[in-house]
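As recorded in TrEMBL:
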| type | residues | note |
| --- | --- | --- |
| SIGNAL | 1-15 | signal peptide |
| DOMAIN | 26-162 | domain 'PTM1-like N-terminal' |
| TRANSMEM | 178-200 | transmembrane segment |
| TRANSMEM | 212-232 | transmembrane segment |
| TRANSMEM | 244-265 | transmembrane segment |
| TRANSMEM | 286-308 | transmembrane segment |
| TRANSMEM | 314-338 | transmembrane segment |
| TRANSMEM | 365-386 | transmembrane segment |
| TRANSMEM | 414-435 | transmembrane segment |
């Protein structure tokens with residue numbers, strides 16, 4: 001039995017998932033929060049009957065499959081070896097009865113070690129010629145697995161696993177997203193209010209400040225949309241309205257990333273301090289490439305969240321095709337931001353614009369820090385997938401497990417993808433601080449071209465003398 005072939009259900013926040021039982025994908029695991037007596041958490045496994053012609057008998061026995069539902073920490077108690085030369089045996093059949101690993105009444109079930117004293121392992125024999133449904137009540141919060149194996153691997157059939165979490169329709173993996181996006185909404189709202197007050201006090205804003213205000217507003221809208229989506233999904237499940245809402249949220253979220261990249265390119269091009277044919281051409285390309293990114297990222301994000309609600313091979317193929325465009329445009333934009341920052345910094349130095357030199361140097365440091373964090377998180381997730389849990393990856397590289405995120409299933413979503421929401425907030429806050437409105441600087445730079453540091457110093461001294 002291939003225990004290494006494991007899939008995590010509900011990766012896209014779905015309460016119901018379908019998997020095909022086969023030797024290549026025998027086990028599915030999902031984190032579940034235990035419910036109350038009024039609303040208990042549960043796992044339901046439905047197996048439709050197969051036609052007689054679809055069932056291949058094995059050694060004269062009728063077609064059946066062994067089914068087990070259990071808490072992941074009880075995995076070591078499933079299967080037994082008996083003698084070393086026999087190897088591990090997981091399913092009870094007539095041969096294993098002879099080995100005295102199980103009894104005749106247990107044929108068709110998974111073998112459970114005799115020293116097991118818990119009560120979270122459920123195993124039974126499923127007749128493939130009958131419609132069968134088995135319900136499993138979850139009394140303890142944890143990572144639960146459903147596994148099935150036919151008596152003959154030629155018997156290919158489908159079982160539908162329906163998971164009901166104790167906290168609502170959201171899966172246990174994604175339930176904490178509701179609070180997370182709520183907190184992020186509050187932080188973005190506070191940022192918007194604070195920056196609006198600062199802009200009101202300084203007045204005479206530069207174009208970059210207005211663009212930053214728009215970026216904050218879009219980020220706030222994204223956080224609010226995801227909060228509303230998770231709240232409605234948790235209450236109602238994957239209704240038509242929820243599917244529409246997730247597409248809208250994905251499109252606005254993609255717009256947020258496109259706007260962030262365009263604004264980064266705008267700053268890298270020197271904002272409005274320089275205007276040459278080369279820069280004008282680069283700005284037009286920036287609009288085109290970020291618009292392309294928005295279109296394909298919207299498609300990828302929408303289908304990613306719908307993939308658990310709308311099954312299909314063509315959906316996955318479309319995601320893969322669009323993802324190629326997203327990756328290419330992202331790498332292209334990242335490279336151009338870095339390249340143009342270096343070019344603009346040199347231009348500032350040539351013009352002796354020390355205020356802008358300081359700004360671009362700080363923004364360049366923020367950008368490089370984000371790239372390092374991005375690269376680290378990608379490598380970190382790869383390491384987790386290869387090694388197993390976070391603990392096994394970071395504290396003990398020798399320790400390995402057969403499934404990733406065993407101990408961290410409650411917050412797996414943060415380390416896989418939602419960390420970038422927090423990183424985005426920190427990057428925007430850093431940019432807001434570096435490019436914060438300043439009374440003298442804004443008055444001097446508004447509508448002007450290249451201003452040297454010498455002119456800036458004289459301007460500030462003149463303004464100071466007038467106030468004496």
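Every residue, even glycine, has its Cβ placed from backbone N, Cα and C.
Predicted, not measured: the structure shown is a model, and the values here were computed from it.
Within the chain, the transmembrane segment (365-386) has long-range Cβ neighbours (under 8 A, six or more residues past its boundaries) at 264, 334, 337-338, 341, 393, 404-405, 415-416, 419-420, 423, 427, 430-431, 434. In terms of C-beta pairs under 8 Å, the stretch of 244-265, 314-338, 414-435 lying closest in packing to the transmembrane segment (178-200) is 414-435. Same-chain neighbours of the transmembrane segment (314-338): 261, 264-265, 268, 282, 286, 289-290, 292-293, 296-297, 299-300, 303-304, 306-307, 367-368, 371, counting only residues six or more beyond its ends whose CB sits under 8 Å from a CB of the stretch.
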